[in-house]
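Step one of this worksheet: look at the structure below.
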């Protein structure tokens, strides 16, 4: 009985925790976690109180998309895909899961975020973490040495979700990559041009594209006195500079990664530098960096890259930033990341999506990133044959978060269908005629709808158009049928005109172009 009394006390205490979180409007995930603990305690009691209560929710770090959100998402996808196609890319697809060993050892400290699947008998599998490693595996497997491809698909990361910032455990990536042996920096410059075009067209506000080079970073670490075996781990720490103050990054280098304070301070002097082609030229004269072969090669290529970016007219948004590190292990040359220059308004969350958003605004972090990875394909090739690659990944979820918030703030209604015309009737007993006309319009390629009622009121039909944004109504009546015409009504202006039935398709096309 004592155990039962203790359980009841624990249930009471846990219930108070849940109520407090709800009153404080804590994040949905926090509340769900505490509710799950409460249900576990109740289950231990047995009897009616212990009945399992099913919590209806999406899995942590995932979300559903309603028709309005999908309409915005489709618009974003169309802009991105049309840009990829404009640059001559073709598309591929790969399985959502890969052999575990395909993904292991490619992501540095982020490898712990890979979702491993339970052994299904014979093969150890993991959900793909990004689209780049599967792409490299695809090239090696199919012995492809040059391709310009884009790939849009879902990837999975066992990350700590921050859903108001567009960070999820399941999310889309939009990748563009150029594989093949080409002259230095030409494909790299095109990738940056693509980022520039997409962010301009999406109209997300002012942005910056930060560029650096892994060879410059490695050279910098070497001349600052970082031991070779610590390059990658220090790189991961430097990568935090976009979210963390230098003091905290320095503390991690010294206290956790074991660097001396002098070495950390020398790194600090370099990573504070930003500029353009002028900075590359200046660093080539740097007494220490100029003695490092790797750094010199990276700086020479950086100068070349900026000369191409000038021809592409994108240098107004590109900055050479020595603090940019990008923590993934497979990068070998140029790396880049696009960030928005300002925070965005806090999102309007539905009760089920409330996630403790900062009311002042939301900083979304990077919205695109990528770089050169010349050694990745060789890791999969039995003979170690390398295929040089450079690519960019567009952060679709973060972009989508911004677009969604802009739509919430705007008075413009988002249409979720593309229906051009509703076929309506003003009188009873005209269902057959409505269906006949609807079929004629469908056969002619017109996007048309009809209400699923035998005798709907004309007002109900017009209201449906106003609610869903259908611009035109084709109205049938006894008189119109006798005269061989259809009354075409503009929903917004309420103007009506009789159109001969034979001309209806052309008239609808003209008015809805």
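Glycine is treated like the rest: Cβ placed from N, Cα and C.
Per TrEMBL, these features apply:
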- 130, 131, 132, 157, 173, 177, 326, 330, 331: L-histidine binding site (BINDING)
- 3-59: domain 'WHEP-TRS' (DOMAIN)
- 61-403: domain 'Aminoacyl-transfer RNA synthetases class-II family profile' (DOMAIN)
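Positions of the features from TrEMBL, shown on the structure.
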residue : record                   : CB count, 10 Å
130     : L-histidine binding site : 19
132     : L-histidine binding site : 26
173     : L-histidine binding site : 19
326     : L-histidine binding site : 21
331     : L-histidine binding site : 26
> Taking DSSP states H, G and I as helix and E and B as strand, how many residues of the domain 'WHEP-TRS' (3-59) are helix, strand and coil?
Replying inline: 42 helix, 0 strand, 15 coil
> Considering all pairs of residues in 130, 131, 132, 157, 173, 177, 326, 330, 331, annotated in the record as contacting L-histidine, what is the maximal C-alpha distance expressed in whole angstrom?
Replying inline: 21
> Which whole-number mean pLDDT does the model give the domain 'WHEP-TRS' (3-59)?
Replying inline: 78
